[in-house]
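*Asks:* This is the structure I want to talk about, given as structure tokens.
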């Protein structure tokens, strides 16, 4: 026989070395190469300059034909087929040209315009060759239609400007080329319609907690209304964070929480009005099976019970159903469904299988599954082995893969020995060699009664499996791995999440997303197709393919919305069409400032602000907040330095009012307003100035206590650091306390009533006279303005004696009989003449239940109070007898009663430890015995305000429980202030007063000088030495001129008598008027001084004393001058 001649390959079809083929876009392209030769040649296909289209090509007819599905422009080019055998090879080139009938880039859409509004229709199509665009109006060519001045045709775009009512029409766009045409209709409506809600106005939406939900609010209006959402009728617009507002009016909530429950209001607004609708959202608890059925192995004929306890929202109706092997379970008469489980009576082999409990409500459901194994009689013999040692099972063996498919494979294995403990579960694990080679992951879990499982697989993974057996003792060692199984790749099934668009600069937009993980890629060369366009009808899509997780778009306008899509793609194709997200380009600083800023004073530390909001077009970004910058410019008090540090308060959202607090009282402030977006602050508004009124001052800077001796305590303090107004004085409260001062029943001390001193504003020192040398003093100092008293500065005087000898109050027992209690301020002080005496040390206290402390003064009745008998305490000395009697038998008390008084009102506060439901009575009496009582309910604070008081009046005040009576000694006193004078000052510091005092002192000094001069002149009369002897007329001393005055006119009367020392003697009764010169001889000296005014009834000592007094009297000196 003759052998077959071997030949080189030759093409039977197509002929020659090259050919061409034209195909339309979107259809399948079939390229064929049929070659002959001996031996039969092999056919291989290639594309010049690249690879064959991935995911679109398919070889047919033993590689003789190449089919490319869904051809696109990028599939154009030169393809060649290579036919080869051992004799040689031959190649044929096919030039493929892809033509295209018209297809849409931007299809015209219906347009609704308001009168005077602008708009545009865009009709963009592509094809090969490029299609031509023709516009028609109401079915006629636009060139033949009546002229419309508000309409302008520019190629594939019609621009409308200042449209008017009556311009509505149907526009058609015809895009055609030699391969076909496209026709689209768009209705342009010119309407003037206020907002209108298209859906129900009161919806009820129920959602499960932590689930995503959407609140719908369809609306219509022309111009297109602006829609905003509010919660519970107040607050800011809901958009951002957990909320996302969509263009169609829907409000999407990413995770519903309990606090999100409420009434949501959507408000649509345009220039013609507004309309609104409400949606009530109820967030329900999820349905959960808290105890589900468990796998069981039971004997035939027993009564197994499968649990199914459910927790659900009580407002939702719960339905519990059972499935067996994923089919509805027929209960019959052997099964009983109960509230929390399923009971099977007389279980049989047919009852074996998967049991699923499904708990469902109208909103959600939960399920739990368990496998019930029923042992037949021949299995019961195994019970004899229960006493044998139990171990972990042996590992499964001989793994085999069958039923190979794209997304599944069946795995079969041979179980190992259970080692006397039945196998309950099999765990199937897998390992892949591309992402994490050598790492095993759990795939699924199966009951111990099976040895085969159908495994679901993911694309583009090279799997290897192993099996682990589990019994009650533990898990076996893993089986040997199976052979590998490679799944084919596929296009991605999901797209990236978390797509966002935001500007990092004012002229860009950064698009970011969360990429797919490795198990979601489904194929090699994962990439992302990013598309974006302006959010407007005429916007055209731009796209870019990237492999990272971000893409930056440059040269964008300032803060305009963009529609964004990010689609995943690998070598096998693209993921489904992605969702559209809204992003914004970069922001710039706002251009305008708030106007008409108005300030209203609320109190000394807070103001209310209102302003006119800026127009949204000037914000150039997303409005974040309005911000008030303010600083303290000066204090209304002179020479007080203040910090001018700038502060600000934020008012989030689009609002026009707010409150600024924590200001300093009695100060001048300046304030500026700005609006803020994501970029920063806009320009500042006009600076506003405002003063704050007076407030209460801060506490004095310090309070120093000095005790120079045992009689007095000197206090010294400094003015408050923050006066917060004009200081009108200081209030000092103090009281003595024998032990370290503790809260008491009434006045803050257990010994002595509170003394209140109202001091002048310029006073910074005070001296306290001590009542006894052994007491400490508790001082509370407050500064005050006309508004009231400020916070206290509290100090305690140091101890003068060793208080370590005194028992602590906690060691002193409470008497069991309340009638023995005494107010501490009722105990009088020790007598001033009382001196401490030496006493022998007191014996240790008796251990009897009621030892008695001896007292050393008995001028008043004292009840017996019990000191502590606790061992280890030092006995009290005789020098300091101390009683500690609690104010109430049960330990409850009232202390720290305070009165902050003004001219016609007073705030009363106190502290107590009575039970929560105790009512109190505040009783007060004026100095003219007018009495009033005010009940104070237990629900309120421990305070009350007394109104309609009399200025300048002193009051006594008691506070006591409503079931009690006021004690005679448990009151405090306070005095209301007189009419307030803002410029109140100390009179001693006034210039006019000082000048008056100086003038009086100068006058007194002049009078004293005159008195001394007159005394020196009149002292030369020799009357003092001779006051007891009558003058002899023949006395030569007179004639010799014993008197200094020798003139005749100044000589004494002839009948006058003088004593030897110059004192005029009284001759007769002092009461005789004749002796005073009425009848003849008058007893006057030369210059008219009245000499005879001293009676003879007075003794010599008295007479001399009177003369001395007369000589030094300034009144007599004045008379002498007269």
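From the backbone N, Cα and C atoms, a Cβ is placed for every residue, glycine too.
From TrEMBL, here are the annotated features:
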DOMAIN    9-97  domain 'Ig-like'
DOMAIN    102-189  domain 'Ig-like'
DOMAIN    200-284  domain 'Ig-like'
DOMAIN    286-373  domain 'Ig-like'
DOMAIN    395-490  domain 'Fibronectin type-III'
REGION    475-504  region 'Disordered'
DOMAIN    495-588  domain 'Fibronectin type-III'
DOMAIN    593-695  domain 'Fibronectin type-III'
REGION    679-698  region 'Disordered'
COMPBIAS  681-691  compositional bias 'Basic and acidic residues'
DOMAIN    699-804  domain 'Fibronectin type-III'
TRANSMEM  992-1013  transmembrane segment
COMPBIAS  1022-1039  compositional bias 'Basic and acidic residues'
REGION    1022-1122  region 'Disordered'
COMPBIAS  1053-1066  compositional bias 'Polar residues'
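Are these features on the surface or tucked inside, and what touches them?
*Replies:* Taken residue by residue, the domain 'Ig-like' (9-97) breaks down under DSSP into 3 helix, 55 strand, 31 coil.
Look at the region 'Disordered' (475-504): DSSP puts its residues at 0 helix, 9 strand, 21 coil.
Here the compositional bias 'Basic and acidic residues' (681-691) is broken down by DSSP into helix, strand and coil counts: 0 helix, 5 strand, 6 coil.
Residue counts for the domain 'Fibronectin type-III' (699-804) under DSSP (helix as H, G, I; strand as E, B; rest coil) come to 2 helix, 45 strand, 59 coil.
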*Asks:* Counting only pairs at least 6 apart in sequence, do the domain 'Ig-like' (102-189) and the domain 'Fibronectin type-III' (495-588) share 3+ Cβ pairs under 8 Å?
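*Replies:* Stretch pair touches.
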